[in-house]
Structures are given as structure tokens and as C-alpha cells.
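As recorded in Swiss-Prot, the features of this protein are as follows:
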- 3-91: domain 'Acylphosphatase-like' (DOMAIN)
- R18: active site (ACT_SITE)
- N36: active site (ACT_SITE)
Amino acid sequence: MKTVTMRVTGLVQGVGFRWTTQMIAQELGITGTVKNNPDGSVSIVAQGDELPLEHFIKKIKASPSVAAHVDHVDLKIIPNTEKFTRFSVVY
């Protein structure tokens, strides 16, 4: 089990990015959260087995929403301090 945080910049708010991210996470068995930030970026905490997590990260970098455009993903591996049971959108 591995946990990463991602800060995604670009056109990622108001375009279905969080909803699509949640759908992809659920398809891959990834748990965690996704939320909008005041600066226009999106923050993701994703937790899962290594291979599904790698697929999830690739899909995020490729912009999961048709209307979105990802400019940059700041990715960090963090300690598994919290165990998520599902993937949810934080409002």
C-alpha cells in the first residue's frame, strides 16, 4: 500500500475534473480524496497498491476530464498515516 499527494494545476476547476477523478479512482480501487483549492488548483490524496496507483497517476497527468487541461502535477509520496476506505470528493 502506498499513499501519494498530488497538486494539479491548469484548467481543473469547473470542468468535471473532481468527478472524473473519483470515477477513475473507483475503477482502479484507489481510495483517498480530491478537492478544489482557492488558488484554482486541485489537491488529491490517493492510496492504493503500486500498479493501480501508477495507472491512476498516469490518467491524472493525461487529464481525466475532456474539458480539463492539466499543466502540472506536483507529486509526493507520503507515509501511510491514514487508511482511507473509499475515494471521495471534498467540498
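From the backbone N, Cα and C atoms, a Cβ is placed for every residue, glycine too.
According to DSSP, the secondary structure content of the domain 'Acylphosphatase-like' (3-91) in residues is 24 helix, 36 strand, 29 coil.
Non-local contacts of N36 (active site) by the CB criterion (under 8 A, 6+ apart in sequence, same chain) comprise Q13, R18, V42.
In the predicted model, the domain 'Acylphosphatase-like' (3-91) has a mean pLDDT of 97.
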